[in-house]
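Undergrad: The Fe cation binding site feature in Swiss-Prot is assigned to His200, His283, Glu366; the stated evidence is similarity to another entry. The domain 'VOC 1' annotation in Swiss-Prot covers 23-166. Per Swiss-Prot, domain 'VOC 2' is recorded for 197-355.
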Amino acid sequence: MAPAADSPTLQPAQPSDLNQYRGYDHVHWYVGNAKQAATYYVTRMGFERVAYRGLETGSKAVASHVVRNGNITFILTSPLRSVEQASRFPEDEALLKEIHAHLERHGDGVKDVAFEVDCVESVFSAAVRNGAEVVSDVRTVEDEDGQIKMATIRTYGETTHTLIERSGYRGGFMPGYRMESNADATSKFLPKVVLERIDHCVGNQDWDEMERVCDYYEKILGFHRFWSVDDKDICTEFSALKSIVMASPNDIVKMPINEPAKGKKQSQIEEYVDFYNGAGVQHIALRTNNIIDAITNLKARGTEFIKVPETYYEDMKIRLKRQGLVLDEDFETLKSLDILIDFDENGYLLQLFTKHLMDRPTVFIEIIQRNNFSGFGAGNFRALFEAIEREQALRGTLI
C-alpha cells in the first residue's frame with residue numbers, strides 16, 4: 001500500500017469559487033524546432049495535428065504547432081528569427097526574445113500550463129489581490145468563431161499559468177491559428193494510442209523551495225494541499241525527495257510540487273534542477289482508461305520507457321495476495337510491459353514513465369490509469385527512483 005498521505009486542515013474555499021476550474025486547457029512548450037517536436041508526438045505518441053500558426057498565417061517571428069490526443073493539447077512554439085532581428089517585428093519582439101532566452105537557459109521545456117476557468121476576471125482578480133505576479137492582464141482574442149478571454153500569471157521558476165475562458169468561443173482551438181485537418185500519413189500504419197486527459201503536472205523545485213511554492217498556490221489560486229509524502233516515504237539507498245500535491249478547490253487540477261531531500265548522492269530532482277537551470281515542469285501525467293493497450297501501442301510506435309526489475313513484480317505479487325486484491329488486468333501482461341502498480345483499501349493505480357524526451361535529462365511523460373484510486377503512486381516511488389538512478393548512473397550524474 002502507498003504511504004499514508006499528510007492532509008493538513010485548511011480553510012475551505014468560498015462556495016462561489018469551487019467550480020471555477022474546468023481543467024487543463026493546454027500545455028505550452030518552447031522548443032528549438034516546433035515542426036519536428038510536433039512530429040515526435042504525432043508519430044511516437046499518437047497525437048494529431050489540430051492547429052498551426054506561422055509564416056502562412058501572418059506570424060513572421062514565431063511558429064506554433066498544436067497537437068492533441070483526447071483532451072490533451074500541447075502547443076509547441078519555436079522562434080523563426082534570431083534575437084538580433086527581433087526589433088524588425090515589434091508585435092512579437094518581446095516574445096521572440098523570451099523564447100530565445102528560455103531555450104538558452106532551459107533547453108526545450110514547458111513554459112506555460114494553462115487552466116480553463118469559468119470566469120477569467122474572477123480568478124485573475126482574486127489572484128492579483130492576493131499578490132500574484134502578473135505576466136499579462138486580462139485580454140480578449142477573437143475571430144469569426146467568437147472570442148476567448150485569457151490572463152497570465154507567474155508561478156515557480158520561469159513557468160507561467162494562463163487562465164482561459166472559452167465560453168464565448170466555438171472554434172477548434174484559438175483565434176490566430178489555422179486549423180489542421182489532414183491526418184498524418186503514418187497514422188494508417190501505426191496502432192492508435194487512446195489517451196483521455198492530463199491527470200497532473202509535476203513541478204521540480206530547488207532545495208527548500210517546496211513549501212514556499214505550495215504557499216503561493218494556496219494564497220494566489222486558492223489551491224489546497226491534497227496529498228503529501230516526505231523523504232521517509234520516498235527514498236532509496238542513495239537519494240530522496242519530498243512532494244506535496246496542490247489541487248484546485250474542486251480537485252480538477254492537481255499540481256504536485258517536488259523538492260530534493262538529503263541523500264548519499266545527487267537525486268533525480270537535483271539532476272533536473274541542474275540541467276534545467278532552475279525550477280520547472282518535470283513531467284506531465286496523461287490519463288488513459290486502458291493502460292495495457294496504451295503502453296503496448298506506444299512501445300510499438302517507438303516510445304521509450306523506463307525498465308522495471310523482476311524483483312519489483314515478485315514483491316508486488318506477494319503484496320497483492322496479502323491484501324486480497326485482484327486486478328482487472330492480467331498481472332503477467334502488466335509485468336511484461338513494465339507497468340507499475342500501487343493500491344490501497346479502495347482501489348489501485350497503474351502507471352509507467354517514459355525516458356526523458358530530450359537529451360537534457362529534464363522532462364518526461366507518465367501514462368496513468370486510475371481504478372478508484374486518488375493517490376500518486378507513492379508505493380512505486382522507490383522503484384521509480386531506482387530505475388531513474390540506473391539511468392543516472394549511465395549518464396554519470398549519480399554522484
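Numbering starts at 1 and runs along the chain as displayed.
Backbone N, Cα and C atoms are what each Cβ position is placed from, and that goes for glycine too.
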Undergrad: Just to be sure I understand, if DSSP states are collapsed into helix, strand and coil, how many residues of the domain 'VOC 1' (23-166) fall in each?
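TA: Tallied per class, the domain 'VOC 1' (23-166) gives 45 helix, 64 strand, 35 coil.
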Undergrad: Given the recorded Fe cation site (His200, His283, Glu366), which additional residues of the same chain have their Cβ within 8 Å of the Cβ centre, ordered by sequence?
TA: Asp199, Cys201, Val202, Pro256, Gln282, Ile284, Ala285, Leu286, Phe353, Ile365, Ile368
Undergrad: The domain 'VOC 2' (197-355): mean pLDDT?
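TA: When the pLDDT values over the domain 'VOC 2' (197-355) are averaged, the result is 91.
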Undergrad: Provide the number of Cβ atoms within 10 Å of the Cβ of His283 (Fe cation binding site), excluding the reference atom itself.
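TA: Taking all protein chains shown, His283 (Fe cation binding site) has 23 Cβ neighbours within 10 Å.
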Undergrad: Provide the number of Cβ atoms within 10 Å of the Cβ of Glu366 (Fe cation binding site), excluding the reference atom itself.
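TA: Taking all protein chains shown, Glu366 (Fe cation binding site) has 22 Cβ neighbours within 10 Å.
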Undergrad: Is it possible to get the count of other C-beta atoms within 10 angstroms of the C-beta of His200 (Fe cation binding site)?
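TA: Counting Cβ neighbours of His200 (Fe cation binding site) within 10 Å gives 21.
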